[in-house]
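A.B. asks: According to TrEMBL, the record shows the following:
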ACT_SITE  D316  active site, proton acceptor
BINDING   K23, S24, R28, S168, Q170, D316, K343  3-phosphoshikimate binding site
BINDING   K23, G95, R123, Q170, R347, R389  phosphoenolpyruvate binding site
DOMAIN    9-424  domain 'Enolpyruvate transferase'
Amino acid sequence: MSVKTLLTNRTTLEGQVKVPGDKSISHRAVMFGSIANGITCIENFLPGEDCLSTISCFRQLGVDIVQNGSDVTVTGKGADGLNHPEDTLYVGNSGTTIRLMMGILSGLPFTSTLEGDDSIARRPMTRVTLPLGKMGASITGRNNGEFTPLTVEGQKLHGITYELPVASAQVKSAILLAGLQAEGDTIVIEPVKTRDHTERMINQFGGKVERDGEVVKVTGGQMLKGTHINVPGDISSAAFFLVAAAIMPGSDIILRNVGLNPTRTGIIDVLSAMGADFIIEPYESEAAEPAGDIRIKHSKLKGTIVEGDLIPRLIDEIPVIALLATQAEGKTVIKDAGELKVKETNRIDTVVNELKKLGADIEATEDGMIIQGNQSLDGGTVSAHGDHRIGMMLSIAALLCKRDVRLEQSEAVAVSYPGFFDDLYSLVRK
Ligand code: S3P
């Protein structure tokens, strides 16, 4: 475990950063490249630990993947070209890898076992194994398939119509990926629209997917063709800098090539509602995923309510939104976010407990948190608890702290942003 002494007592961020590639899109690019026919070239792939886990799992399935930093070439031979893995597929900390792979493996003619780290071992999997089971999949695991290790015995699948009980892009994507190999149509109905990178990627790989409101449909047996994917920067990584600049007096920064898919831009809505000073310059292009530059300056902020349909559009940004709220005028309430309890950590508890250690006035609720604004942060020893987004949020919080801050398990940030500290500290001016 590495303990890092964080920069504290700073005021101003200036300059620009090009945040690394989007994690969700990077995973999917490798997965689709592996089940498509032909070569897929991925540009601006995120070489974070989670996405590297996806690459290593598909290599174990026999796919030829060449990775050089953020350039990746996948030589796909179709889903039929995937082979029985010799060993357990190890997904590390990555929920997206394990859940989406179950969708792919369910319809393939071999048996494979998946497992990951201690955090993965605590994350619920029935949300995926249940609908896949309805499609004919055979998946067994600890506690009736709720937890890893999970063993998938490939079967012939058939399409289903499934209403998602929780808004989850991972569950939707697992079902759609299984649906691509199933007989007939597979229809997923979402309670609230979640990130749609899987749907966009099916189109990019020459497949067909239909959407009507919250209803998504794929037909089985489609032929996918390798393609070129340019991964935009990850707005979930950009969020740390957006918040840092918004709360540090005198700050003025530009974030380049940030993904602006509307299913992911809830953080922009929150910044806007709180009165942040920013301009977005979208790139003019026909790219499958929109992107652009964001310039943001410090400004006076006010508390807000974050709830309802907005939650899936900013689910991974809630830890840093909680920090943002500590610096606004008045109270911020976050609700309808019970899903936070089953992320890499229970993010209601880790956010509340760790920010409290720094002196914030923040309280957990059943499905979110209540944060009092205008807080001055002090210092102390905090922990990422193995959760990358908690580690990055606390590193931003530390910049405002008067006393020293030590971050335990700081290595967790490499899950989604290996160069995080270099990029952050390159912006610190005073
Ligand atoms: C993701 C979906 C979200 C998100 C996760 C990535 C994806 O999870 O929190 O970081 O790539 O599909 P859920 O589907 O569990 O909400």
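The backbone N, Cα and C atoms fix where each Cβ goes, glycine too.
What's the neighbourhood like for each of these?
C.D. replies: Shown in sequence order, S236, A239, K343, R389 are the residues of the chain, 6+ apart in sequence, with a C-beta less than 8 angstroms from the C-beta of D316 (active site, proton acceptor).
In sequence order, L46, G48, D50, C51, T96, D234, S236, S237, S416 constitute the residues six or more apart from K23 (3-phosphoshikimate binding site) in its chain with CB-CB distances below 8 Å.
Around the Cβ of R389 (phosphoenolpyruvate binding site), the number of neighbouring Cβ atoms within 10 Å comes to 28.
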A.B. asks: May I ask which of the binding-site residues S24, R28, S168, Q170 is closest to G95 (phosphoenolpyruvate binding site) if we compare their C-alpha atoms?
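C.D. replies: That would be Q170, nearest by Cα distance.
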A.B. asks: Name the secondary structure element type, per DSSP in three states, that contains S168 (3-phosphoshikimate binding site).
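C.D. replies: The three-state answer is coil.
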A.B. asks: Can you list which of the binding-site residues K23, S24, R28 have their Cβ under 6 Å from some atom of ligand 1?
C.D. replies: S24
A.B. asks: Please name the residue among the binding-site residues S24, S168 whose C-beta has the most neighbouring C-beta atoms within 10 angstroms.
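C.D. replies: Comparing the binding-site residues S24, S168, the most crowded Cβ belongs to S24.
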A.B. asks: Identify, in sequence order, the residues in the chain of R28 (3-phosphoshikimate binding site) that are 6 or more apart from it along the sequence and have a CB within less than 8 Å of its CB; answer 'none' if there are none.
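C.D. replies: Expected: L100, S173, H197, T198, M201.
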A.B. asks: On the 0 to 100 scale, where does the mean pLDDT of the domain 'Enolpyruvate transferase' (9-424) fall?
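C.D. replies: Averaged over the domain 'Enolpyruvate transferase' (9-424), per-residue pLDDT gives 98.
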